[in-house]
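Comments concern the structure below.
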Amino acid sequence: MTPLFAFQLRRVGRNKQFLFFTVALPALFTVFITKIIGGQMGDAAGFQDVAASVMVSMMAYGALGAALGATIRVSFDRASGWLRQLRVTPVPQTRVVAVDVAVGGLLTLPGLLVVALVGRFVNGVALPLGTWIALVGVLWAGSVAFVALGLLIGWSLEEKAAGGAIGILGVILAALGGLWWPVELFPGPMQVLARFMPSYWYAEMGRDVAAGGSPAVLTVAALAAFTAVFAVLAVTVARRRPLHAVSG
Amino acid sequence: MPDSPALDVRGLTVRYVGTVAVHDLDLTIPAGQTVALLGANGAGKSSVVNAVLGLITPAAGAVRVLGRTPHDAVRSGCVGAMLQHGGLPGEARVGEVLDLVRRSYPTSWPLDDLVVTAGIDGLLARPVDALSGGQRQRVLLALALAGAPPLLLLDEPTSAMDVEGRRAFWTTMRGLAGGGHTVVFATHHLEEADAVADRVVVVADGLVVADGSTAQVKARVAGRTIAFTATPGRRLEGLPAVTGVTRQGTTVTLATADADATLRALLADGGLPDLEVRGATLEDAVLSIVRDHPIGAAR
């Protein structure tokens, strides 16, 4: 698996936009939003709560953007004919898909780690070491939902539509899922809508861990359900793509 | 399986929604041959190639590649292919793509030689997105050759090349045949088939309508052409066996079914300055063969 994995990783790594939107932007947001909202808090404990919450939101934001951005690229590789070309080499198809999943999963880590470091050392979020590890671990594991969603979109949409979908989907998931501002500030119907966003459950999972507990069963179940639906749809769409079609 | 033919296609039928692209086609290609699949666009060439590579599931028939199923043959590295709609990945360098593909095969073509053979000297460090059409096609050839596979399938390999590039490519293909590779290429350039192939399979409307050496296919057209310089008043009507007359300035070209009879009559009528008599070109042959198989007749 190594040569194809390294190859795919290098290709995404060359994309400066990808690194900006999945690492730099969430890190900058973490600093700014914490300064703005946290600064309005009267006491240190209030600031601490805001800093931790914003950090978790931005970790989630960066990770879901990375997972989507890395996997939607499958649409570009289909359009260029590269996936067809790979089909006539000895590289097995299952490996091609497995590598895309692995690359998507791995690339959520830089954002998670950088935002956590910014939270710790710039914003002064104080958590026990075990909690830090659990937080990164849980968000890393949960990002599989967005790897599945990205593959679903990458296999469903043509190149241009998929390219546009990354941006739109990122905004919808972040805004409606309560990553840019807390869901508690939403009007009632919007709070209900947030619960239909996988990003909401994803961030909730991180908040439960950051608060020192383990994620609620409902939260994990909801995210797992989203993941399963995305994965099943992705596989269904992939199977239906005729191999002989020009863009297939 | 050393005794298996490189390619054995039996009763291949390929259907797309509403159309039959390949109709009960048989084709056996022994190892070491260089075969041109010749035909117009839509004749079914690509469908045959795609079925051989396992990219499409045939409606009927069996395909064996070196004694294996298409899928197994591809997986085991027996086949290298240049697809009509194959492509290269963005955000990668030529050398990286080539390295990836070479390493996926059990054996690989030595890099230095591969670069020379495919004509991609100086391109290894170049980003894929910065290649010209012809360069891109030569890189795709390098990918097909990367594993030094015994069977090469090239689907319209020179379609994006200029005349010069095309001729260089023919030299490469002849070299591959000399190196013991079985080369099967689809083309609609008759010149290409004539220059490279030692066997021509003419496909029309999903059927093999002619199969043999280029000489044999040409011989399917019995006629000859007679060209000479004629004075403007020269009588050309009523000559025996003539099937067509074209005038280009003072040069007259006659197509004839019996060169002997036509020449005798012409000589009896006067001199024949700048006389040229030649057999049918491959183009004449294919056109006449395909004419006998009008589209839709196979149904």
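Keep in mind that glycine also has a Cβ here, set from the backbone N, Cα and C atoms.
Listed in TrEMBL:
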type	residues	note
DOMAIN	A:17-241	domain 'ABC transmembrane type-2'
TRANSMEM	A:18-38	transmembrane segment
TRANSMEM	A:50-76	transmembrane segment
TRANSMEM	A:97-119	transmembrane segment
TRANSMEM	A:131-155	transmembrane segment
TRANSMEM	A:162-183	transmembrane segment
TRANSMEM	A:216-238	transmembrane segment
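The transmembrane segment (A:97-119) and the transmembrane segment (A:162-183) are not in contact, since fewer than 3 Cβ pairs between them lie under 8 Å (pairs 6 or more apart in sequence).
Below 8 angstroms of C-beta separation, residues 21, 29, 33, 53, 57-58, 60-61, 64-65, 68-69, 72, 75-76, 149, 153-154, 190-191, 193-194, 197-200, 202-203 of the same chain, each at least six residues beyond the ends of the transmembrane segment (A:162-183), sit close to that stretch.
Under 8 Å from some Cβ of the transmembrane segment (A:50-76) lie the Cβ atoms of residues 12, 18, 21-23, 25-27, 29-30, 33-34, 37-38, 41, 83, 100-101, 103-105, 107-108, 110-112, 114-116, 118-119, 123-125, 127, 135-136, 139-140, 143-147, 149-151, 153-155, 157-159, 162-163, 165-166, 169-170, 173-174, 177-180, 182, 199, 202-203, 206-207, 210, all in the same chain and six or more residues away from its ends.
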